[in-house]
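Taken from Swiss-Prot, the feature topological domain 'Cytoplasmic' covers 1-75, 127-145, 199-235, 286-388, and the record attributes it to a curator's inference. The annotation region 'Disordered' is assigned in Swiss-Prot to 1-46. Annotation comment: Swiss-Prot describes 76-96, 106-126, 146-166, 178-198, 236-256, 265-285 as transmembrane segment. Taken from Swiss-Prot, the feature topological domain 'Lumenal' covers 97-105, 167-177, 257-264, and the record attributes it to a curator's inference. Marked as Zn(2+) binding site by Swiss-Prot: HIS108, ASP112, HIS238, ASP242.
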Amino acid sequence: MEPSPAAGGLETTRLVSPRDRGGAGGSLRLKSLFTEPSEPLPEESKPVEMPFHHCHRDPLPPPGLTPERLHARRQLYAACAVCFVFMAGEVVGGYLAHSLAIMTDAAHLLADVGSMMGSLFSLWLSTRPATRTMTFGWHRSETLGALASVVSLWMVTGILLYLAFVRLLHSDYHIEGGAMLLTASIAVCANLLMAFVLHQAGPPHSHGSKGAEYAPLEEGPEEPLPLGNTSVRAAFVHVLGDLLQSFGVLAASILIYFKPQYKAADPISTFLFSICALGSTAPTLRDVLRILMEGTPRNVGFEPVRDTLLSVPGVRATHELHLWALTLTYHVASAHLAIDSTADPEAVLAEASSRLYSRFGFSSCTLQVEQYQPEMAQCLRCQEPPQA
């Protein structure tokens, strides 16, 4: 069957295999999906256009990165290069100045480099298709990279905290105020440059493609919720935190430069900035643990999803409802829908899938439709999970 010219933007897939051509189920399935008469299929089934409610939210994306992701990758490359160069400079400057505060700032930059490299690696992996072993693809590589970045920051910060404690106990150390002031000033400039690079606007988003990273809501009073590129946004917020820390180190270096007797400001600021650095990892660690523990996606509640499914005409009950996230923006849902005997399973499936996609922005939904049985009300496995 040749696809209709008006069916632009629909997903290309296979309807039936050659061995199903003679089956009545395949004919009924085709008849329920298309209104115009279909021509006999050739010996080998050809890919044809499928309507939205077949099973997927979006058309099959083109191979490679979208323009938005390409722009995000360029931003991350530039910011990562700047961050690495100035991190190396801070390590050298901190060593020459004998400043733990500078080293703490360099450790924070090290975490930034690791985070951005993990984001770049995940952007590259996201172009690889799913396999029979990795059926979900490689989406969680970004989560693992974020976890590695947090662990590395904790290790380096722990060492610096120990050294700062030793310095407070024993005052036999000397701070080179000039070298510390110069290094801290360069660090502030580096963070300003990285913030400028990451804050640059990307190309205009394209409609009808998931690469634009928009979570469409239902048409009505609410507007589409722009998500942007999560990796770039996270890096930008992280750089803003580094900028505040760099200003603090700069203030401590100015004090030590003009008042060398106040050299204790170096280990004291190391304590303060280490606490800030560890605290900044709390949101990332919370998101990582929630994803790895198969928790519900952030900003998606169990009750709203359940109520949305129960509001579909013909649905009497729902059970086995599971919501989880592969990444912060790739959300998945699965559920069993118990329907009335008079309800059309195809219509219920199409309507329920459409509501989940449009209202919550799920990337993948798997729904099983079954006849409602009275004993489901007493079945323990059909009950809702308790509130956490």
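Cβ coordinates come from backbone N, Cα and C, glycine included.
Projection of Swiss-Prot feature records onto the structure.
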| residue | record | CB count, 10 Å |
| --- | --- | --- |
| HIS108 | Zn(2+) binding site | 28 |
| ASP112 | Zn(2+) binding site | 25 |
| HIS238 | Zn(2+) binding site | 22 |
| ASP242 | Zn(2+) binding site | 25 |
Other than HIS108, ASP112, HIS238, ASP242, the chain contributes near Zn(2+) (Cβ within 8 Å of their centroid) the residues CYS83, LEU109, ALA111, SER115, ASN191, VAL239, GLY241, GLN245, SER280
Exercise for the section: Given the cut-off of 8 Å on Cβ pairs that are 6 or more apart in sequence, determine whether the transmembrane segment (236-256) and the transmembrane segment (146-166) share at least 3 such pairs. Expected result: no
Query = Counting only pairs at least 6 apart in sequence, do the transmembrane segment (146-166) and the transmembrane segment (265-285) share 3+ Cβ pairs under 8 Å?
reply = yes
Among 76-96, 106-126, 178-198, the most Cβ pairs under 8 Å with the transmembrane segment (265-285) come from 106-126
Per the Cβ under 8 Å criterion, with at least 6 residues separating them from its ends, the transmembrane segment (106-126) contacts 65, 69, 72-73, 76-77, 79-80, 83-84, 86-87, 90-91, 94, 137-139, 141-142, 144-146, 148-150, 152-153, 156-157, 160, 187, 190, 194, 231-232, 234-235, 238-239, 241-242, 245, 273, 277, 281
Within the same chain, the residues 6 or more beyond the ends of the topological domain 'Lumenal' (257-264) and with Cβ under 8 Å of it are 167-168, 171, 173-175, 177-178, 180-181
DSSP composition of the topological domain 'Cytoplasmic' (286-388), residue counts helix/strand/coil, works out to 39 helix, 28 strand, 36 coil
